[in-house]
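Okay, so here's the structure we're looking at.
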Amino acid sequence: MGFSFSNGLSTIVLLLAFLVSIVSANFHQDFDITWGDNRAKVFKQGQLLSLSLDRVSGSGFVSKKEYMFGRIDMQLKLVAGNSAGTVTAYYLSSQGPTHDEIDFEFLGNVTGEPYILHTNVFTQGKGNREQQFYLWFDPTRNFHTYSVIWKPQHIIFLVDNTPIRVFKNAEKVGVPFPKTQPMKIYSSLWNADDWATRGGLIKTDWSKAPFTAYYRNFSFKDLKSSSNSLSSSDNSVWQTNGLDGPARRRLRWVQKYFMIYNYCSDLKRFPQGVPLECRQSRF
């Protein structure tokens, strides 16, 4: 088959776009360190970031840009060893008393005991929508990818591309949904030993400080213009339309074997009935 100049040019353009997307994922360019002095560091020409916590202070960073609808990916390697009392927070948030927020929080534990992944969604300043999970791997040994797909129809939380939670737009029953306020990306490592591990019973062991978490491979994909006709092999369809069959099975697997708290099932907390958004289909 002969060479087609137009096809060759299209390939070059796609390759250049791919390379630009890799280069643009740079912590110097995309984020600002906001607190913690030299406890937050950027390495490897902007490709790796670390946050540390000691007895004096934790540390944190924030994105330079605001984001509105898309897929956000970040790879994290969490504090190893005895991380009890520490919290590594990674979340999207707008500002003000009626802010919106989409949360990952990793609650540390004593050596050999699992982290708890705490998720929450705030709409117009109201949260209290917690779901918590154990992970099916050790998040301190290697980097793992934690993602949010944020669309007007839903918010999907993913771990290594496995969906763990879906928060659907329930405006039709009067529940506000985050869709009018752009959000920045934040992360911090801080001491929360008054509540983080076994409700505050286990305190931070400062003899193990500094505690350090690592970040790499941030990416943002704008989904506002996603086509509904794309192949589901890269999750493009359910990024737009909801979970497909294989993704729903993975979600059920996670929620059956690894979910340890779901506010929608907490009848003691909601004796008058669970919140309205809990009464619709999870998928």
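Just so you know, glycine gets a Cβ as well, placed from its N, Cα and C.
Note that the coordinates shown come from a computational prediction; the quantities given were computed from them, not determined experimentally.
What TrEMBL records for this protein:
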| type | residues | note |
| --- | --- | --- |
| SIGNAL | 1-25 | signal peptide |
| DOMAIN | 21-215 | domain 'GH16' |
| ACT_SITE | Glu101 | active site, nucleophile |
| ACT_SITE | Glu105 | active site, proton donor |
| CARBOHYD | Asn109 | N-linked glycosylation site |
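TrEMBL feature annotations superimposed on the structure.
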residue: Glu101; record: active site, nucleophile; Cβ contacts under 8 Å, 6 or more apart: Tyr91, Leu92, Ser93, Ser94, Asn120, Val121, Phe122, Gly127, Pro178, Met183
residue: Glu105; record: active site, proton donor; Cβ contacts under 8 Å, 6 or more apart: Val87, Thr88, Ala89, Tyr90, Tyr91, Leu117, His118, Thr119, Asn120
residue: Asn109; record: N-linked glycosylation site; Cβ contacts under 8 Å, 6 or more apart: Ser83, Ala84, Tyr115, Ile116, Thr197, Ile202
Stretch-averaged pLDDT - the domain 'GH16' (21-215): 95
